[in-house]
């Protein structure tokens, strides 16, 4: 994807080209996706077996940023939100059952029934994006109303839209149907994205909680390395990453039973 969008300032072109690594395609995209999925499994394992090991959870801070960037890029190209929702919600519901069983009765201090998994975050983030793009108050309100319940809260809801704006700086006009206002440009859009990225994991300025918030920025070197990797991964069926999400809870639950008996 080349940065040739005439709706942006000319000075943005080189800047946008420098950001292209955040939106890999083909085999590189699959490599980044499965890297994120494996890190997610590690993050959940640490959360369930050593919930106060904040350093152990640091690698998992790049997971949602990768998912959000990829969804934002896809939506910015005009992919129908309704199709995303039809794919996300069934797997989100199934995953919530496994998540509740694995985490019962609380997860990170919250009742599991009031803590909706990351697939719900992505679904309502897509709705929020649709509200912005179509100026639909209903979709905006629905997305925001879910914020207190979903993983990553309000920053998780807004992150996909911030990623879509950033993707529009990189994609060509034919690819992108969603762009920042011309007077804003890529520089300000990138700052907005970085602010949202920091907010995803922000709990406190106290250390090591601050390290978790800063951990999200590791998505930048991770995707930069993926972009320079000599090969990618073949693309599997569309449903495989979605099915992986509920299935990994089952595997982690069985593993915990074997190792710890509880």
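One-based numbering along the chain as shown.
For all residues, glycine too, the Cβ spot is worked out from N, Cα and C.
Any TrEMBL annotation is an automated prediction that lacks curation.
According to TrEMBL, the transmembrane segment annotation covers 58-76 (among others).
Annotation comment: TrEMBL describes 88-107 (among others) as transmembrane segment.
The transmembrane segment annotation in TrEMBL covers 113-132 (among others). For the transmembrane segment (113-132), same-chain residues at least 6 beyond its ends with a Cβ under 8 Å from one of its own Cβ atoms are 40, 63-64, 67-68, 71-72, 75, 81, 84-85, 88-89, 91-92, 95-96, 99-100, 103, 107, 138-144, 146-147, 149-152, 156-161, 164, 178, 242, 245.
Positions annotated as transmembrane segment by TrEMBL: 139-162 (among others). Counting same-chain residues at least six beyond the ends of the transmembrane segment (139-162), those with a Cβ under 8 angstroms from any Cβ of the stretch are 64-65, 68, 71-72, 75, 114-118, 120-122, 124-132, 189, 192-193, 196-197, 199-202.
Annotated transmembrane segment per TrEMBL: 207-226 (among others), in sequence order.
The transmembrane segment annotation in TrEMBL covers 238-255 (among others). For the transmembrane segment (238-255), same-chain residues at least 6 beyond its ends with a Cβ under 8 Å from one of its own Cβ atoms are 33-34, 37, 40-41, 44-45, 48, 87-88, 91, 94-95, 97-99, 101-102, 117-119.
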